Structures are given as C-alpha cells and as structure tokens.
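**Q** Shown below is the structure under consideration.
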Amino acid sequence: MDQLSMKKMAAQAALQYVKPYSIVGVGSGSTVNCFIEALGIIKDQIKGAVAASKASEELLRKQGIEVFSANDVSGLDIYVDGADEINPQKMMIKGGGAALTREKIVAALAKNFICIVDSSKQVDVLGSTFALPVEVIPMARSQVARKLVALGGSPEYRESVITDNGNVILDVYNFKIMNPVEMEKELNNVAGVVTNGIFALRSADIVIVGTPEGAKIIE
Ligand code: 5RP
C-alpha cells in the first residue's frame, strides 16, 4: 500500500474523536490535508477549527469550515496533527512544513493531541531519520547555528523558507535525541530560538498509525 493511502486511513480514523459542535484544532502537512478533507464531509456537525498554519487555514475555508483564531478560544477538546517522527513514548519531531511554532501553540490549547502518521514515521530514537527543525529569529541565525554546532549538531539553513511568523528554519542533522524533554528545554533556551521541533513536553495522547493492515490506534 502506498504512503498516501496510509495517511488517508489514519486521517479518516481520527474523525471518531471529533465531538459534535466542537471547535477542532488542526495542524498542518500532507496527512493533515487528508484530515481536513475528511472533516469537510462532516462540516455541518462541527462549529469550526483553529488552524496551525496559513496553508491549513486556507484549506479549511475551501472546505467551508469556519476558522477561529487561537485567541478566540479558551481551550480545545482535540488537536489533530501529523509528525515527522514519533517514538514509543508518543514524543515527536515536527516542523517539516515549518509550522512548528504555531503547532506547539495550538497543541497547548488542546486536552487531547491526536497524532496521525503512516508507519514510516515510527522510530525508537528521535533524530534517527529526520533532521530537527529549529525556528530562529533571522538576525540570530548565525549565532544560533554556532551554538547548535557546539551542541554536536550539523545545522543547515532551509533556504527560501520564511515561516508564517516571519522567521527562518535551521534543520539540524546528526542529533540523536536520547533525552527529548531536556533537549527540548535546552534548545528553547538559546537566545534567538523561537522554538524547536521536539514535541516532548507536550507529547501526543493518542497515535493513529496508517498501516497496510488498517488504522492502528495507540492510546
Ligand atoms: C509541519 C509538520 C507536519 O506535521 C510534519 O511535517 C508531517 O508532515 P506530513 O504529514 O506531510 O508527513 O510538523 O510543520
């Protein structure tokens, strides 16, 4: 089975967690795009969505789903998002689509984080297959890169990408993330870092993995 079909399967299975007349937190990326499409079919049963990227906002509107600002809600029942890597503790690397900061903000509003992935995203140790994205204030790019090198990483500037917040992305290779919680805190303490793509302090609550055998739910 191809990867897109597995993403669609995970996205479809996430619908069972959507409460009637609720506002749904929606992340970004190709798996989430499948979820937005599925959400469009039940749009009359929900109040709307809070989106973690401008791209998701646009897709939600195209489906006829009302988009609320994160400032308009005091909390969300669920947040549905993909991941670049997820470990057995439901901690993730995210930010392949450069939306990590807004994703962290919307995830923090939600009672339940539902992570939808295909099976290629499952790893034992974060950093095994995917570079770690770090969102950086443009004027601090070089000094943050030097600090990341000092910490053992190999940062690469993601050319011609500006985040929805007007910042830049450094993708850090060669980080084996043995202690995700400590690493997330340490990197977020570097001056000039807006946030990094480790989602360990706020990990997922439910993981839905699209596999050739069907959607597997890990609660
Ligand atoms: C965007 C993200 C995405 O959730 C992550 O990159 C996974 O994307 P995809 O569903 O396209 O594989 O973190 O910033």
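Our numbering is plain: 1 for the first residue shown, then up by one each step along the chain.
Cβ from N, Cα, C; glycine included.
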**Q** Which one, LYS54, LYS62, LYS121, LYS147, is listed by TrEMBL in the same substrate site as SER28, GLY29, SER30, THR31, ASP81, GLY82, ALA83, ASP84, LYS94, GLY95, GLY96, GLY97?
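**A** Among LYS54, LYS62, LYS121, LYS147, only LYS121 appears alongside SER28, GLY29, SER30, THR31, ASP81, GLY82, ALA83, ASP84, LYS94, GLY95, GLY96, GLY97 as substrate-binding in TrEMBL.
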**Q** How many other Cβ atoms sit within 10 Å of the Cβ of LYS121 (substrate binding site)?
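**A** LYS121 (substrate binding site) is surrounded by 26 other Cβ atoms within 10 Å.
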**Q** Max CA to CA distance in Å over the substrate-binding set SER28, GLY29, SER30, THR31, ASP81, GLY82, ALA83, ASP84, LYS94, GLY95, GLY96, GLY97, LYS121?
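**A** Pairwise Cα check on SER28, GLY29, SER30, THR31, ASP81, GLY82, ALA83, ASP84, LYS94, GLY95, GLY96, GLY97, LYS121 gives a maximum of 15 Å.
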**Q** Compute the centroid of the Cβ atoms of SER28, GLY29, SER30, THR31, ASP81, GLY82, ALA83, ASP84, LYS94, GLY95, GLY96, GLY97, LYS121, then list the same-chain residues not in that set whose Cβ lies within 8 Å of it, in sequence order, for the substrate site.
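**A** Leaving out the recorded residues gives GLY27, VAL32.
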**Q** On a simple 10 Å Cβ count over all chains shown, which one of the recorded positions ASP81, GLU103 is most densely packed?
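**A** When each Cβ's neighbours within 10 Å are tallied, GLU103 leads.
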**Q** What are the sequence-distant neighbours of ALA83 (substrate binding site), meaning same chain, six or more residues apart, C-beta distance under 8 angstroms?
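**A** Same-chain residues close to ALA83 (substrate binding site) (Cβ under 8 Å, separated by 6 or more) are MET92, ILE93, LYS94, CYS115, VAL117, LYS121, PHE199, ALA204.
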**Q** If I take the Cα of GLU103 (active site, proton acceptor) as reference, which of the binding-site residues SER28, SER30, GLY96 has the closest Cα?
**A** SER28
